[in-house]
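Working notes, beginning with the structure itself.
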Ligand code: ADP
Ligand code: MG
């Protein structure tokens, strides 16, 4: 028989994957499509007095009508709608009937290596779980499927761990030795601890698997071996959780379950990555696993305050099968001969809309998500239908939810899809049931590619049978001979059999000489015996030969097996040796690391010690610093106090000294005044004869009086006065005082009577006056302010303007008492004498010397004179 299995070119692994979809995908026959099988189950009302809105019309039709309070009249007619399905199951239909019609074909397909998907759809409380799982004492489709599978493949199951699922949605066959090792490992392992500590099925569950149906697939390929793997996942809030994952039990703070992700295998089939897949060998075991997941689901519901009706649960049954070898003894190790098929049983979340459950907050969001995945399912179905009906090529949004993404390949590739729509006929569910019906009717219009029939094995059938027949024959023969196989007894019995089969020897006594009968008879018998002997020896030789060849064959096979095992053993030995060296290396590494750790720990302690010391030092230093800072502050305060005190003292001292000096100077001034008066008297003495002395001269003398001591010599030569035009006593002055001048605090201030004081030279003022005086200030070389009174006469110019001819400069200067000595002549040690001398000399000079000065000439710095004002006359 030819193999029609798709095989990867040179890639054995690829071929060992599930045969769901050939790569590249090419539908075997595009016209061979089946619509999604949609069935409807109407559950009985919970109470007989409930109002009913759904009636089963016949085997394929239901009728739904609005409840009393909800009646819609259209054109005066009472509106009721009928929906048709592949089959409708009324309230009285039992689980078995449903199973026979809906699920049995899927199980048959599974065993023939084809995939199937069965899901229940409907609002909460409509009987989805009752249909899928069942109720106590009334097992649903799931336990019945398991029961049928094990009833069918029961005697042909492979030993545990012969098949091994990999983590890429594929399957391998392990050699007997590896499988045996794994079995031993499993047996040695303690039973994993579950929170409850026991691993028995709830009596309630045990009840459900007690199906007692004995339903089985009749034409199971007996030359194959089979293994069943189950996994159980839950999709909640668009997250996938593995319900069989063995998480370490943490009683105090249980960890929240970790969600799983979807992956696509080489054949574009979706699978849950890292999902636990348990190999099961009986219905009980499989259901125990299911119950474990169910329990976990319930715990999650209570712990995380979830609503179980809002999650989709998916129970996946995978069936691996591979043919036996030509003798029917061992599983064929060729990977391309392995077939993996799967049946997914899905109990969907309640399809009701959110407002019905009055969900709030988190629950509302969850409900939204659940509705979202069901909505996506609806959208996908709708798009599929449109694409198929109208030849469109719209993208089906499988990826929008985990639920549709997981089952994408069923709609996209090939497989059998069946849906059971559950409805509760009660009036309250009318609207939701209507929605459910509409969706279900639409789903029927979607077609899915029919799975291809594949020959599962390319070898001559009946290997297992022939082998079995041979074994039976052998045991029968042995039984016939009685007792256990014993070489001696066997030899005896063979000899007996041989003797029995010989023709009996006639009597060979010759009583009569003429007896011509006995000898010929004897000869005849002996000849017969001889012939028999020859035949037997020929047979024996033949048998010996056959036996020898058999023995040789056996020997060679034993040798081959031995060699194989030896090879394996040496391989294992090598691995062990390798691992040993690895372990040694790692141990060495551990030792060095430990040594390093020790050193590091020591270094750490040293550093810590250092750190502590440094910190202490730092603390003491900072304390010292603080102390010093406070000391400094105190010292500053004290110094400031001292400075203030000293300043005050010195200020007082200065004031005292200034006052003393002022007094002294006043006294000196008074003396000088007196002397001047005397000098004046002397000077005016001869004038007594001419009493009218020009008043101008007098006026001019005035400022000088302030600072010049009169000549102590009474008979000093008279001053040769230059002739000036006479002026009336009321001559007017322009007193020009620039505003920038500083007030000098000299005791004697220049005073000009009848003056027009101006801040800036003004022609108007000049026109009215005939004398001009500018008060000019500048900084002398000793840093004191020097005031100069620059005087001049005012003339009328020919052009009608005014011109000033400067005639004299009077210098007024203050001096510090300490600076005086410096400027005085060092040859004269007596300052008083010096003062008098200079005063005298000055007065003398002033009186006798007149310096001619050109009017309007520029006054240079050479005109500075110290110690007293000087008058220069042009
Ligand atoms: P769902 O899973 O859709 O929320 P359940 O399967 O949990 O609903 O059903 C709710 C209740 O109705 C359960 O107690 C179940 O035993 C009962 N029930 C549902 N369908 C049937 C049926 N066909 N016959 C008898 N009882 C049913
Ligand atoms: Mg349910």
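For all residues, glycine too, the Cβ spot is worked out from N, Cα and C.
As written in TrEMBL, here are the features:
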- 122, 123, 124, 125, 126, 127, 128, 129: ATP binding site (BINDING)
- 569-645: coiled coil (COILED)
- 686-704: compositional bias 'Basic and acidic residues' (COMPBIAS)
- 728-738: compositional bias 'Basic and acidic residues' (COMPBIAS)
- 35-446: domain 'Kinesin motor' (DOMAIN)
- 1-32: region 'Disordered' (REGION)
- 682-747: region 'Disordered' (REGION)
- 811-841: region 'Disordered' (REGION)
- 855-874: region 'Disordered' (REGION)
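One way to see the shell of the ATP site is to take the Cβ centroid of 122, 123, 124, 125, 126, 127, 128, 129; the remaining same-chain residues with a Cβ within 8 Å of it are 43, 120, 130, 309, 350, 422, 424. Cβ contacts within 10 Å of residue 122 (ATP binding site), excluding its own Cβ and spanning all protein chains shown: 27. With a cut-off of 8 Å between CB atoms and residues at least 6 apart in sequence, the same chain places 41, 43, 422, 424 near residue 127 (ATP binding site), listed in sequence order. Each residue in the coiled coil (569-645) has a pLDDT score, and their mean in this model is 95. Among the binding-site residues 122, 125, 128, 129, the residues whose Cβ lies under 6 Å from any atom of ligand 2 are, in sequence order, 128, 129. The Cβ of 129 has fewer other Cβ atoms within 10 Å than any other of the binding-site residues 126, 129.
Classification of residue 128 (ATP binding site) by DSSP places it within a helix.
The Cβ of residue 128 (ATP binding site) has 28 other Cβ atoms within 10 Å, all protein chains considered.
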